[in-house]
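To keep things clear, I will list the structure first and then write my remarks on it.
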Amino acid sequence: MDIPSRTNCNGSKYPCFSFYIKGELSLQHYFQPPKTSAINMFIPIFFILSFLFSSTNAADFCVGDLNGPVGPAGYSCKKTVTVNDFVYSGLAATGNTSNLIKAAVTPAFSAQFPGVNGLGISIARLDLSVGGVIPMHTHPGASEVLVVIQGTICAGFISSANKVYFKSLNKGDIMVFPQGLLHFQINAGKTQSLAFVSFSSPDPGLQILDFALFANDLPTDIIEETTFLDAAQIKKLKGVLGGTG
């Protein structure tokens, strides 16, 4: 068995051992500490200090000041806050479904519930009478989760590849609707339906497809060319939804 000899490898001041097999050098183990530059030592310290300072200065919440301006990031922060800013009772009452779509959405967004301002969440109540429908719509600013509390709701969405995902949901069922995709809800039962929907934004935004096409002054001939609908049908829908042109 070869015995390692202690040598001064490459002029290093640290000891190393050379192992020889049949008189030839086969392997060298250098017992030297790694060379660490000042920059490599500074980087982790910098990140630790940055985390500590950012955590110390971060606000726990930003209750919206509804009397102030609102921008893309939401409302400015209210100076005086009480526990009532974090409580909202507006979803207790049944929504008024005496309308064209036989449905009602009662929101608890930042404009109604300023406690969610800046927190990236919100919620709404969905009431659907028999035959009620939430028409095809999208939320540009948030994904949505729906939970059925009462009744049966047929819900679905259309992907950007035009693939349709829909299913009849019963009490306790949950369905998710990815951000920005067209989706709908229909009361598929013979009784009143109730659901709650949560969003990944305090202000998810809303655009209803039917209203976008027929409840404004977009000229009929443009709609006719872009949707392949005939003019008579377009004018009928404009009349129902209050559009002109």
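Backbone N, Cα and C define each Cβ position, glycine as well.
Marked as disulfide bond by TrEMBL: Cys62-Cys77. Just so you know, the Cβ of Cys62 (disulfide bond) picks up 21 other Cβ atoms within 10 Å once every protein chain is counted.
What TrEMBL records for 89-235 is domain 'Cupin type-1'. Across all of the domain 'Cupin type-1' (89-235), the predicted model scores a mean pLDDT of 97.
On its own chain, His183 (Mn(2+) binding site) has Met136, His137, Thr138, Glu144, Ala155, Gly156, Phe157, Ile158, Phe177 as residues at least 6 apart in sequence with a Cβ closer than 8 Å to its own Cβ. Among the features that TrEMBL reports, Mn(2+) binding site is placed at His137, His139, Glu144, His183.
Look at TrEMBL and you will find His139, Glu144 tagged as oxalate binding site. Neighbour count (other Cβ atoms within 10 Å of the Cβ, all protein chains): 23 for Glu144 (Mn(2+) binding site).
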- [ ] Show, in sequence order, which residues other than His137, His139, Glu144, His183 on the same chain lie with their Cβ within 8 Å of the centre of the Cβ atoms of the Mn(2+) site.
- [x] Thr138, Phe157, Phe177, Leu181, Leu182, Pro204, Leu206
Open item on the list: Among the binding-site residues His137, His139, which residue has the fewest other Cβ atoms within 10 Å of its own Cβ?
Closed with: His137
Open item on the list: Counting across all protein chains present, how many other Cβ atoms fall within 10 Å of the Cβ of Cys77 (disulfide bond)?
Closed with: 16
